[in-house]
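Positions annotated as transmembrane segment by TrEMBL: A:6-29, A:36-58, A:92-114, A:126-156, A:217-240, A:252-274, A:305-324, A:331-348, A:354-379, A:417-436. The domain 'PTS EIIC type-2' annotation in TrEMBL covers A:6-446.
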Amino acid sequence: MFADILNYILDLGAAIFLPIIMIILGLIMKMKPRKAIIAGLTLGVAFTGMNLVLGFMFDTISPVAQEFVKNTGIQFNTIDVGWSPMSAISWAWPYALLMFPVQIVLNIIILALNKTNVLNVDLWNVWGKIFTATMVAAITNSVILGFAAAIVQIILELKIGELNQKQIYEVTKIPGVTCTHYMTLQCVIMNPVNKLLDFIPGLKDSKMNADKLKDKIGIFGENSVMGFIIGGIIALVAGYTVKDSLNIAIKVATALVLFPMVAKLFMQALAPIADAAGEYMKKKFKDREIFIGLDWPFMAGQSEIWVVAILLVPLELLFAILMSKMGLSNILPLAGIVNIIVVVPALIVTGGNLIRMLILSIIFTPFYLFVSSSFAPFVTDLARKVGTINIPDGQMISYFGVEAPFFRWIISNGLAGDILGIIGMIIFAVCYYFFVKEMKKRNANL
Amino acid sequence: MKKIVVACGSGVATSQTIASKIDSMLQDEGIKASVEAVDIKSLDNIIDQVDVYVKIVSGPTNYDIPTINGIPFLTGMGRDAEFEKLKEYLK
């Protein structure tokens, strides 16, 4: 009987059942009914809106991508839809909301045991743990292992945030905070490569002024501009007329501009709950000196980030073509093509050295292509379950900016018993050991 | 109505968290103002219509309008002082 009711509710779809849970949660947390209902409905609107834009984008680009493949012989069967639809798909996972208590309780326990001094209040990015869990669960067929992987990720975020705190302060001069976003997990494997760069003369202390460069090329960082250019180029190469290409270009630009606008609705809906949980956690540790773990945008003022992300764009497309030819990837970078995700960890590891950031970002770009392609069947499967968008057979969606590609790939494949995954886990562990050593040494000197 | 703008890297997560927080703090005090989260890259285009800018990012860009620090709204440390400043600017 109970199972029947539960199944009926889950069957209503994420856009209905999550708002219901949200309203109940809000009332339990003593939100005013008016606020709880608005928050709940906003969540449903966010899901539906995301489906709408995702469907629009897919309908626009899917035939173009097929023509592109026919015309060029380059296999781009997977379309990069960016992180915002991915967050929606993650939130719609049936076990998603359980990740809130897991992260909060785990953080409190680790703080209480004095094993960290970081409190992660960024409860929006709980979705990144959910995403890891969904991929691990899909590949290992075990929801338990999915949560186990998410727990490892939560701990790593805290420990890496702690190790990076001084370096981030040096770059941003904002006291009392650090970054606990999972993109920083890439710092662990970027560190040894950065050490190798020490051997190249002239790179050690090269200083460049990124501010002026950003003024010149910053326009390409705009979603509308990049969407228009890339959409137009793909359509032209696919053999469309100029008129049709221009129309496709503006539609892709539209989708890329609308994605973050819809994603904002998720934030609005989740804000009251995230805020209440954050306040609760802060209150618990108000007598202790702790660093507050935040999402990455407080570093967004560094011009180097944007300059490197924009310079990377043509190289990403080149790599995508080359790796597709080699059968290593099949994703067409699109919505996530301004890949800040790879640049921010490079900023932290190099301490803001522009040339080194660029070199590291280039070297690590193939990881994002490979892993996003390898996750594509699972992402597509999840998206089909959640949404109303119609993804034809043979076509897939994924997201190029998969934040912690190395970690996510090794943990999902390693836990599934894949030998490469297990070797990767060992490599990651060794890199982590050296990363801890390096950052401790650096922190002592800063 | 006075317009407050919070800017971050995507105009979605961090800026919206702070915007929601400020919005609910203002509502609790019965102060009417609009709070909007925007993408830092589009800030140049709209800054003329903004009354108070809530700054999260460090960096070289400064604008000629009342500015408060957004980070305390995330960390809780020094939040009341920033909020008082904001209320002054809104008068």
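Here the Cβ of each residue, glycine as well, is placed from N, Cα and C on the backbone.
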Run the contact check on the transmembrane segment (A:217-240) against the transmembrane segment (A:92-114): 3 or more C-beta pairs under 8 Å, excluding pairs closer than 6 in sequence.
no
By Cβ distance under 8 Å, which residues at least 6 away from the ends of the transmembrane segment (A:92-114) in the same chain are close to it?
10, 14, 18, 21, 25, 47, 120, 123, 126-127, 129-130, 133-134, 143, 146-147, 150-151, 154-155, 158, 273, 277, 280-281, 284-285, 288, 290, 382, 385-386
Top stretch among A:6-29, A:36-58, A:126-156, A:354-379 for CB pairs under 8 A with the transmembrane segment (A:305-324)?
A:354-379
Predicted model, mean pLDDT over the domain 'PTS EIIC type-2' (A:6-446):
90
